[in-house]
Amino acid sequence: MTLARFVLALMLGALPEVVGFDSVLNDSLHHSHRHSPPPGPHYPYYLPTQQRPPRTRPPPPLPRFPRPPRALPAQRPHALQAGHTPRPHPWGCPAGEPWVSVTDFGAPCLRWAEVPPFLERSPPASWAQLRGQRHNFCRSPDGAGRPWCFYGDARGKVDWGYCDCRHGSVRLRGGKNEFEGTVEVYASGVWGTVCSSHWDDSDASVICHQLQLGGKGIAKQTPFSGLGLIPIYWSNVRCRGDEENILLCEKDIWQGGVCPQKMAAAVTCSFSHGPTFPIIRLAGGSSVHEGRVELYHAGQWGTVCDDQWDDADAEVICRQLGLSGIAKAWHQAYFGEGSGPVMLDEVRCTGNELSIEQCPKSSWGEHNCGHKEDAGVSCTPLTDGVIRLAGGKGSHEGRLEVYYRGQWGTVCDDGWTELNTYVVCRQLGFKYGKQASANHFEESTGPIWLDDVSCSGKETRFLQCSRRQWGRHDCSHREDVSIACYPGGEGHRLSLGFPVRLVDGENKKEGRVEVFINGQWGTICDDGWTDKDAAVICRQLGYKGPARARTMAYFGEGKGPIHVDNVKCTGNERSLADCIKQDIGRHNCRHSEDAGVICDYFGKKASGNSNKESLSSVCGLRLLHRRQKRIIGGKNSLRGGWPWQVSLRLKSSHGDGRLLCGATLLSSCWVLTAAHCFKRYGNSTRSYAVRVGDYHTLVPEEFEEEIGVQQIVIHREYRPDRSDYDIALVRLQGPEEQCARFSSHVLPACLPLWRERPQKTASNCYITGWGDTGRAYSRTLQQAAIPLLPKRFCEERYKRRFTGRMLCAGNLHEHKRVDSCQGDSGGPLMCERPGESWVVYGVTSWGYGCGVKDSPGVYTKVSAFVPWIKSVTKL
């Protein structure tokens, strides 16, 4: 039965029995079972003011909502609204009803700042205006349709739905001012009241919090006789006092009977520290514990300017509102811009005051601010699982501490990842952050609460991450997690930023750029990728030094989606999100175009003079040797890890710098390679160039240099139809000892001793080059560990073709195949003398295919040619 039909039937006296209230509400107030109410006058839905006599004819038509008795003609309902002016808000629910955050079918709304780029279907127009808003209240951004919000459906997709804007809203009616009155609740299109049974100050405080009318509520009662015809919705409301709104309190659906003393619930919203303190409320937050600070002064509400606003000021605001927990200051209209006057400026509390009135500050109304500088606070309750950063210079940095069982404790850094840091900083209201060193902040003395934490990045709360049980760990306080969070824009405002990480670099300051979007890490296409884009990435990660862009999968190809293309940064943005001009996921790229960066880049070439003095007599040093990785069966080498590796390249009519062979730098002016490299194009010096300091063949690099060829010396015994004596020397153009400029990335290799047998002296051997990797020729320098094989095995495999001027190397098992292939011809086989330097024992020469089982690669044995090399080069 609809309400209109019910009222009409009531007026006509046609009801045989009275309908139960829950059948009208359709369980909209979390009441899922249904009743069949007994007949009779003891089960009223409306409480009449007096007994109605029998009617012989219908009365005149009545309005749908009865007016209050004549004794209250000047009194109006009171509810939260900007300045308490009863006008509709163009972006949301009617003024006074800002708390609706569920769809009309009960799905909880997502915060506007957490809506991903990919949606199940297109939402109503103009919603982009709400990007970055932290609340999840229903809104109508175009001002025309019904309010709506985004929600997550059962499949994990994001969809949107309309909201019943006033459902669950409350107001105060019949009081002397807006801070007192009878409590009325809105549901299913009707305002109703609450029976005062068990109504106490905790219940009243929730109403005051919901209406943002003060820090404390005093329970009152109002006779039903003065309310007119109005439904009763609830009885026995049982709030704890810290709920965000009355819908979250335990309560009983009214099922008829007698309400004790026939009294309705009412409240007076007061302030615990007396009338001399200004009235304060928090507005625009997602709960009663946070929001824009607003003061009631001279009959109107106004805001506070954030000049000198800090956590000490927030502490006083939280105390004055009766909100305990962690107090945090927010700046630059973090909770949205207010309206009305700016009441105060230059507030400078010590943190010990009982009220903002006791703090040093400007005079009322004196300021030089606009509403873009409105101050805010959050007062996070101390419940199990609350987190904070302690021991730093502010609430944005310090040891990560978790509150549990009345005590703060730390988190062990075992298995800690960037995603963990992202979840922590996001929960604290920051956009991104990074882990600080363990000794950056003072050690804690409390318990270690958590260990082995692992977050996926999708969590909205830290405790949603997988972890050990409380108190289970194998750590000391030297392993406490420390974090520095960074703002996401002006005033630490959280916006649509994306977590960023660098992958597959040689250290944490470089690598392939990956972004976390829609629950998945993906890469960035290098179309238009410049140093300005790199600067923004490095700034977002907290690095302040020079930044360099890298293209063409310089740090290897990524996996998963390519999230972003055509990034256009000016270099001044705070995060990647500010530079994205193209839809997420839209691109025309492959992973061979993945973008990378190097942060805090201070690379410099050594001068020619300093080289001659300090490095000319040194060979076989790897100045950047920090780690080993395991061409076919190989992996990317360490950049600068093989500084003697050079490449012989074609030029002029034969090709535009195409890679022909690998080679080894023996001195500033001499290079060692294979004789067969000149078999096809001849030995004209004009056809070739040598590139030193190269790592990625398609990306110009700081240490890279291309030098012309002055002389080519092929061993006189070499014959093109044979593989013996496959060795050659190349003289670079330039003055003696000043051809190639030495640096950390350009250094010579050592020659072996004459007739030295590397199988007995060398155990740690590597081949390097840009050759065949099984799919294609590599763009980045490869390296592979390779064992030297006994001479007799090579003689048995290759018969007379294998001579005493050769050696062979490689893994014999197919699943461990390591070999050098076409592109590595002429490149080095390097072995490390124990505790000494790296020696070029072989020059890649020939083999039966690439990585073929039981067919190891064959190398020219350099030790057999040492006298010839020295006679030509004068080394």
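Including glycine, each Cβ sits where the backbone N, Cα and C put it.
Just so it is clear, the model here is predicted, and its values are computed rather than measured.
The feature disulfide bond is assigned by Swiss-Prot to C109-C149, C138-C163, C195-C259, C208-C269, C239-C249, C305-C369, C318-C379, C349-C359, C425-C485, C455-C465, C538-C599, C765-C831 (among others). Feature annotation from Swiss-Prot assigns domain 'SRCR 1' to 170-271; the stated evidence is sequence analysis. Swiss-Prot lists 500-601 with the feature domain 'SRCR 4'. Swiss-Prot lists 631-874 with the feature domain 'Peptidase S1', giving sequence analysis as the kind of evidence. Annotation comment: Swiss-Prot describes 29-88 as region 'Disordered'. The feature region 'Zymogen activation region' is assigned by Swiss-Prot to 619-630. Annotation comment: Swiss-Prot describes 1-20 as signal peptide.
Overlay of Swiss-Prot annotations on the structure.
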| residue | record | DSSP (3 states) |
| --- | --- | --- |
| C109 | disulfide bond | coil |
| C138 | disulfide bond | coil |
| C149 | disulfide bond | strand |
| C208 | disulfide bond | helix |
| C259 | disulfide bond | coil |
| C305 | disulfide bond | strand |
| C349 | disulfide bond | coil |
| C379 | disulfide bond | strand |
| C425 | disulfide bond | helix |
| C485 | disulfide bond | strand |
Checklist entry - Which of the disulfide-bonded residues C239, C305, C831 has its Cα closest in space to the Cα of C485 (disulfide bond)? => result C305
Checklist entry - Roughly how many angstrom lie between the C-alpha atoms of C379 (disulfide bond) and C208 (disulfide bond)? => result 16
Item to check | Using Cα positions only, nearest of the disulfide-bonded residues to C259 (disulfide bond) (C138, C239, C269, C425, C831) | outcome: C239
Checklist entry - Between the disulfide-bonded residues C149, C425, C455, which lies closest to C831 (disulfide bond), Cα to Cα? => result C455
Checklist outcome for this item: Checking the disulfide-bonded residues C239, C305, C318 against C349 (disulfide bond) with a 10 Å Cα-Cα cut-off, in sequence order, leaves none
Checklist entry - What does DSSP call C318 (disulfide bond) in the simple three-state scheme? => result helix
Checklist entry - With DSSP, how much of the domain 'SRCR 4' (500-601) is helix, how much strand and how much coil, in residues? => result 16 helix, 29 strand, 57 coil
Checklist entry - Same-chain residues six or more away whose CB lies under 8 A from the CB of C369 (disulfide bond)? => result C305, D306, D307, V342, D345
Checklist entry - When you tally the Cβ atoms that lie within 10 Å of each candidate's Cβ, which of the disulfide-bonded residues (C259, C465, C485) has the highest tally? => result C485
Checklist outcome for this item: If you rank the disulfide-bonded residues C195, C249, C305 by how many other Cβ atoms lie within 10 Å of their Cβ, the lowest count goes to C249
Checklist entry - Nearest to C538 (disulfide bond) by Cα distance: which of the disulfide-bonded residues C195, C359, C465 is it? => result C465
